[in-house]
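Note sheet for the following structure.
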Amino acid sequence: MVYEATPFDPITVKPSDKRRVAYFYDADVGNYAYGAGHPMKPHRIRMAHSLIMNYGLYKKMEIYRAKPATKQEMCQFHTDEYIDFLSRVTPDNLEMFKRESVKFNVGDDCPVFDGLYEYCSISGGGSMEGAARLNRGKCDVAVNYAGGLHHAKKSEASGFCYLNDIVLGIIELLRYHPRVLYIDIDVHHGDGVEEAFYTTDRVMTCSFHKYGEFFPGTGELRDIGVGAGKNYAVNVPLRDGIDDATYRSVFEPVIKKIMEWYQPSAVVLQCGGDSLSGDRLGCFNLSMEGHANCVNYVKSFGIPMMVVGGGGYTMRNVARTWCFETGLLNNVVLDKDLPYNEYYEYYGPDYKLSVRPSNMFNVNTPEYLDKVMTNIFANLENTKYAPSVQLNHTPRDAEDLGDVEEDSAEAKDTKGGSQYARDLHVEHDNEFY
């Protein structure tokens, strides 16, 4: 039997859905490498950025280089001992830290590489500063593709993740927002984020992932939270080969119900690209449009939103998809013909902004999905009334998260004005040039 993926409707945007987007990117992020043969390649963030710039999306949004997260900021979630270890360990002195390496699970999947701590601080800084800008009403959507490292634990690296930037970003959002919703569309379960907020009703976590003999082995249907957090963790365990139409038929009703009943005042969306068809480590069959539909759907609720990266191990497909999704966040449906960019040869032989589904068999039967949905909605019945939060004095903003002054930005160049000032200029929709 040959399985044919159902064609997906073209994605559309409404003029009324225009949002102010703050995009965080650090040019150094692509310089870091986990090591030869390791599937995680930070270079994909640089490839996505190159596409985003060459499509002209820089005219539509403000671009920032976030301050790297400090030790003090990282320790809002992680233990001092663990962060201290990350800041001191290098490939040269690894022998001295043998005991700690075992304790903190740093080794095979999470190797020590040159610049490890700096890489973590870039990832954490983007998510924390994005959250701070949302808190102050400076933007409606914050984007940090260097973030999304959802497996990292309080004092342990896991699944290519060392610093859990998502948890740090959510902690920042909780200073202003009574309820935060976290949605995860990575093929792997968002275990680190779920674990961090498993006992609270102030954060609802919702993860759509492959379950069954697959890393990290958590995220089954009956994991719903404990104590005050009971029913505030939602897990949607899926099987191999899920296609666009099937994914949409699960994603949209679940998110709609959560939005209706939980009424979050901010949402964090982890856009792991390993749920795309043809991923080196994934086993789903989503096209670029199927993945992007999730972003567009969450955006349509008009709630302050932070978008972070995550997994994704076929670099050309991750870059294409994140670029297309950045367009949607800016209310633009990008043209399929790729503009010339410095990584153009990666996108052959078609050179199109497209990730097509394969003829992979969809193991997710309607009966299985009905059972999953019935279970989830039964649990959500218990969250019908959004939990309230006691009024508290909001602590002063961290000085490190203040706006960058132009004086401290990069030196002025030949065109007059600084690059920083031009990055903040957003072109009006009616401009002709």
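The backbone N, Cα and C atoms fix where each Cβ goes, glycine too.
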Q) Per Swiss-Prot, which of 131-151, 299-319, 320-340 is motif 'ESA1-RPD3 motif'? A) 320-340
Q: Scan S155, S354, S408 for the residue that Swiss-Prot records as phosphoserine.
A: S408
Q) To which residue among T90, T394 does Swiss-Prot attach the annotation phosphothreonine? A) T394
Q. Under DSSP, is H151 (active site) helix, strand or coil?
A. coil
Q: Compile a sequence-ordered list of residues in the same chain as H151 (active site), six or more apart from it, whose Cβ lies below 8 A from its Cβ; state 'none' when nothing qualifies.
A: S158, G159, F160, C161, N164, H188, G190, D191, G192, P216
